[in-house]
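Chemist: My structure is below; once you've seen it, I'll send some questions.
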Amino acid sequence: MTTLMVLIVVVLLAIALWQLTKIFDLTQVGRNVDNSQVATDNDNKVNGYLMFAFLGFIYLTTIYCLVYYGHFPLMSDSASEHGPQVDNLMMISMVLIFAVQTITQALLHYFAFKYRGKKGQKALYFADNNKLEFIWTIIPAIVLAGLILYGLYAWTNIMFVDEKDTEDAIVIELYAQQFNWEARYAGEDGVLGKANVRYIEGVNNLGVDLSDPNAQDDFASKELHIPKGKRIIFKMRSQDVLHSAYMPHFRAQMNCVPGMVTSFSFTPSLTTAEMREKPAMVEKVANINAIRAKKSIDLVASGQPALDPYIFDFLLLCNKICGTSHYNMQMKIVVDTPEDYKKWLKDQKAIAMAVKTAAEEAKAAENNSTTGKDSTAVNGNDTTVVAKVEMK
Ligand SMILES: [Cu+2]
């Protein structure tokens, strides 16, 4: 609201100034003033200096933004092994853009000043200059080719995983739906059972093929637990529309497309507890909590409960605008130590067995009441890649 008021005041001031200059012009009528529309040397000189002033304005704004809003390093503390490669690429691109912008803006404004209009001076016209065109084509071409090659190298490194690295990997399915995520683990046998959206029924909300022996011990979780230092292969599916599994701290993102399985793989390099202790994270959390504490004062004053302090957690977010609650489509990711992960798995398996028994009982009861209904009608192509998981 304050911003709006300030904007209105600025606009009104500008209008007032404009009207004042008009009145000033009217007072000059009759005096010996040059009213011609052709720019004089003095006009050009003023415009030339204004070019320099504008350059100064750009530089000052840049410095101001860097000091007050730039949080260096722009990206830090990636929590996956490939993360530093992505950060490097980003940093190199940003530094390059910054250098080119700074130099070209200086040149542009300097030459606009230097060749400002002067009486008797005529612009030199030439159709082309091969040498000049060669220079301004070849330099960007080489720089961009280098950047693209480095990008391709990083991309192949991240997206194509060696066979031997996947042997020991954990395969987890990420199931996207409007508007939440669910993770499916392979269970004791280490193999994810088949699944298809057409099998979704009752408690089977992931569409797991319950007749598949591999699916018998699969279990789902609303919280994504992964162990540090072990390669995780994510298999993404979507139930309804296009979603995108985005795990910013791990520098990972992959679209979830209905009807197909997409994949992304990474190795977590920091546990949740380690990430919380990083100096940059400690500072960030302290900032957030300072803002929350300030807001809480107003809330408490108006009789509402105060905000809880924020504690950092890794998140899986949706990065495709998939509907009204897209903004809140998220799942907590917990990176455990390998020991904690094993403990968590054990607990989950026990819960999964109980849920499975309940589901089987429910299905049996339903089958009894609807005899004659063709339960083998589902014959769609199975879309889930069945993968081997090693479990220790
Ligand atoms: Cu979504």
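Glycine is treated like the rest: Cβ placed from N, Cα and C.
Unlike curated records, TrEMBL annotations are generated automatically.
Straight from TrEMBL, here's the annotation block:
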type: DOMAIN; residues: 66-162; note: domain 'Cytochrome oxidase subunit II transmembrane region profile'
type: DOMAIN; residues: 167-347; note: domain 'Cytochrome oxidase subunit II copper A binding'
type: TRANSMEM; residues: 6-27; note: transmembrane segment
type: TRANSMEM; residues: 48-69; note: transmembrane segment
type: TRANSMEM; residues: 89-113; note: transmembrane segment
type: TRANSMEM; residues: 134-155; note: transmembrane segment
Chemist: Of the stretches 6-27, 48-69, 134-155, which racks up the most C-beta pairs under 8 Å with the transmembrane segment (89-113)?
Modeler: 48-69
Chemist: According to DSSP, how is the domain 'Cytochrome oxidase subunit II transmembrane region profile' (66-162) divided among helix, strand and coil residues?
Modeler: 65 helix, 1 strand, 31 coil
Chemist: On the 0 to 100 scale, where does the mean pLDDT of the domain 'Cytochrome oxidase subunit II copper A binding' (167-347) fall?
Modeler: 87
